[in-house]
Amino acid sequence: GQSAIICVTYVFFLEILFLWWTDCLSMFFWEVNTKPQAGSEPVFKTWKNAMHFQSTSQHDIFTLRRFLSLTTPVVFFSDITCQAQKPPHPLYVIGLSSTSDKMKYGHKLRFLCDNGYTLLGYTKVECLETGQWSAAFPICAVSCSPPTVQEGLIVSGLPDKDGPILSDHFITFSCADRSKYLSGSSELICGQDGEWNGTFPSCEDITCQAQKPPHPLYVIGLSSTSDKMKYGHKLRFLCDNGYRLLGYTEVECLETGQWSAAFPICVPVGCGMPPPLEFGDISTVVKNNYDHGETVEYFCQTYYTLDGQTHKTCSNGQWTGEMRCLRPCTVTLDDMRRNNIGLKYKPDSKMYSPHKDFLEFNCTTGSPDGRLAMRQQCIDGVMLLPSCQ
């Protein structure tokens with residue numbers, strides 16, 4: 001129960017002059033079942049006494065105020081109250097009176113904060129017999145909502161026991177799976193406005209990009225539907241005939257989103273010794289091996305005519321370029337005597353006539369038989385001879 005002590009001060013002669021000189025001469029304990037009213041008549045009519053009241057209802061405590069007179073003491077009783085005013089936004093109080101800012105002993109108040117704020121302190125207080133609240137009123141601090149954590153996302157720096165995330169508090173993010181990377185900021189800070197300074201990141205699959213390479217490089221392991229390969233995926237490389245692989249034959253997609261090595265290239269295969277040319281030769285010293293793109297020059301022997309290209313080129317391991325040496329025509333005296341002919345403009349002796357060269361004949365005896373013209377051309381070592389009869 002609650003109690004009030006009533007102390008009646010006995011004053012000698014002048015109360016004001018000897019106010020400091022007080023004494024409680026006698027004390028009695030009086031138990032009542034009803035609440036005394038303020039300003040009521042003395043409970044015990046004696047001008048030097050002290051009384052202690054205890055309420056059996058255990059709801060209210062009363063204090064005594066006494067103004068002494070030389071005749072009859074007057075006893076005043078008043079309720080114990082705690083003061084509470086409506087707090088400013090964003091703090092809300094449940095239990096405040098709409099008509100008074102004084103709350104009676106035992107009265108309780110509850111506190112709430114507006115959205116975006118966190119209550120720091122006690123959520124409930126009670127008016128005590130001392131006329132004070134059981135605790136200081138709480139405050140509403142700006143706070144940020146906790147992040148929505150997706151599977152595999154690690155959040156570090158959150159307050160213990162799901163405590164409020166106040167302004168200027170920062171948290172960090174990382175991915176638990178090595179095959180995923182953090183898409184977004186790795187650190188966020190709770191702002192003064194109760195909002196995070198960025199969007200929450202997410203963990204995405206680590207991928208490496210790979211497109212179909214041009215000929216002559218072939219890749220084994222490419223997807224037919226996407227140009228993105230996941231972490232750990234491997235590709236193998238081959239070259240077309242006539243090319244050799246320069247670089248790694250296999251690469252792997254790493255956790256960095258990069259391939260373990262640059263893609264190789266296909267370089268043309270070199271050539272061996274150039275092929276010989278019948279009735280011809282090569283103008284330079286012949287080597288055992290030639291690189292792709294190297295060339296050699298050919299020429300024909302005396303009286304032979306080069307037909308086609310003058311060079312062969314090493315291309316992807318093959319010699320390209322076509323040429324041949326066309327033979328000259330040989331006319332002897334015996335051939336001409338058998339046909340009763342001779343050279344019209346040259347001395348009669350063994351001679352060589354290059355390819356496409358013309359020779360004109362005349363009859364040594366008789367006249368042309370008319371089967372062939374007397375002027376003939378050499379075609380790759382063949383010349384038809386006219387005859388005379």
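A Cβ is built for glycine as well, from the same backbone N, Cα and C atoms used for every other residue.
Listed in TrEMBL:
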- C113-C140: disulfide bond (DISULFID)
- C239-C266: disulfide bond (DISULFID)
- C271-C314: disulfide bond (DISULFID)
- 80-142: domain 'Sushi' (DOMAIN)
- 154-205: domain 'Sushi' (DOMAIN)
- 206-268: domain 'Sushi' (DOMAIN)
- 269-327: domain 'Sushi' (DOMAIN)
- 7-30: transmembrane segment (TRANSMEM)
Legend entry - Neighbour count (Cβ, 10 Å) for C266 (disulfide bond): 22
Inset, instruction - Please list, for the domain 'Sushi' (206-268), how many residues fall into helix, strand and coil according to DSSP. - result: 0 helix, 29 strand, 34 coil
Legend entry - Count of other CB atoms lying within 10 Å of the CB belonging to C113 (disulfide bond): 21
Inset, instruction - Restricting attention to the domain 'Sushi' (206-268), give the mean pLDDT. - result: 94
Inset, instruction - For the domain 'Sushi' (154-205), give the DSSP counts of helix residues, strand residues and coil residues. - result: 3 helix, 24 strand, 25 coil
Legend entry - Residue among disulfide-bonded residues C239, C271 with least C-beta crowding, 10 angstrom cut-off: C239
